[in-house]
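Marked as Zn(2+) binding site by Swiss-Prot on the basis of sequence analysis: Cys14, Cys17, Cys36, Cys39. According to Swiss-Prot, the ATP binding site annotation covers Pro118, Thr119, Gly120, Ser121, Gly122, Lys123, Thr124, Leu125, on the basis of sequence analysis. Per Swiss-Prot, the feature domain 'ClpX-type ZB' maps to 2-55.
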Amino acid sequence: MPNNSSDSSSILHCSFCGKSQNEARKLIAGPSVFICDECVDLCMEIIREDKSDQLEKKRGGVPTPMEIKSTLDDYVIGQDNAKRTLAVAVYNHYKRLESNDTSADVEISKSNVLMIGPTGSGKTLLAQTLARLLDVPFTITDATTLTEAGYVGEDVENIILRLLQAADNDVEKAQRGIVFIDEIDKISRKSDNPSITRDVSGEGVQQALLKIIEGTVASVPPQGGRKHPQQEYLQVDTTNILVICGGAFNGLEKVIEKRSSKHHGIGFGATVRKNSKEESVNVLLKELEPEDLLAFGLIPEFVGRLPVVATLEELSKEALVRILTEPKNALVKQYQKLLEMENVKLTFTDGALEALAQRAIERKTGARGLRALLESTLLDIMFEIPSKQGVREVVINREVVEKQIEPLLIYAEEALEANA
């Protein structure tokens, strides 16, 4: 006679719902406990809902365009038109994500952004400030390192991997992040003529970026690098990821001028325009049309997926002086804080600030070059001050910047008496 009691005792059960191994599709073993696949799914759903609730509470609503611009004003000087354009685009994008309206009669597409402006005009800083304001994952990618799949270089999927890493590998959080692709103008089509060699870092990369910009489920290798058949992939939906592309687009103003000059005619009835040398790049960029980007080398599908275009102006000397002193993280304030830790006051005269701005313009580095100029100007001071006794104030004037002479050091009275 068979022993049924021993057979029943060998059947394993889920420690949570009590289902036997025969009733469950999968039973996962732990230290003296078991859990079935249905309980795992239920636990995942509870965690997912909890995360979603926490995210909603943390977000507390999307800032209005005016609030977004006000925050950008605290960190970025000038560029009002670009700020307004970005504020509206970002507001509409995240408002679209927050909307619970799932009706199929109106589908709002995402507003990816193309920022065009010279080096050091604030493109990267604007994107970074937006991500910090919205408290979303953010990553910066250099488009020049990207190549088509199968060629030496970075795969496009690595952009999503970096965003995932910025989100602490939280897929849902990454799917609401911001990607900034810099130097996008460097992947313009090299030539209109067909060639026997493949353009793997130009048009090929534009084609590869299309799906990520528009929205797709990307298969991302969790450890990065190239894809392997045996590797497990993370599935990331890029539909709700805001993509901001930026580039200097040097020479684009010539394309705009060439296109616009065709509409003015020739002869006695022609409209008289100023000489192109007298027209600033800023004015020409305001006349930008999609056909100009096509002529520059971007493919039609790529231009069509970047509906919002924000143009940034070349920074004037006055704007660069304001950048040195006004933002919350202004460079002058940072160096003043560093010397304040040594109980020394750092003072810049108006002439010194103007000289720094003028040198940045001459180097064509914009605001990005200001830090390097300040570093070289203050190097000796930062080296010597910790060892000098009794220094109360350091004054930087125009001659210190232009001629690299010693700055004026003001000592405390008691230090002067001791030296006497």
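Any Cβ shown, glycine's included, is placed from N, Cα and C.
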Note: in the chain of Thr119 (ATP binding site), residues six or more apart in sequence with C-beta under 8 angstroms of its C-beta are Ala248, Lys364, Thr365, Gly366, Arg368
How many Å separate the Cα atoms of Cys17 (Zn(2+) binding site) and Leu125 (ATP binding site)?
53
Let me make sure I understand the structure: which of the binding-site residues listed (Cys14, Gly122, Lys123) has the fewest other Cβ atoms within 10 A of its Cβ?
Cys14
What Cα-Cα separation, expressed in whole Å, is found between Thr124 (ATP binding site) and Cys39 (Zn(2+) binding site)?
45
On a count of neighbouring CB atoms within 10 A, which of the binding-site residues Cys36, Leu125 is highest?
Cys36
Taking Cys17, Cys39 as the binding-site residues to compare, which has the smallest set of other Cβ atoms within 10 Å?
Cys17
Residue pair Cys14 (Zn(2+) binding site), Ser121 (ATP binding site) - Cα distance, angstrom, rounded:
61
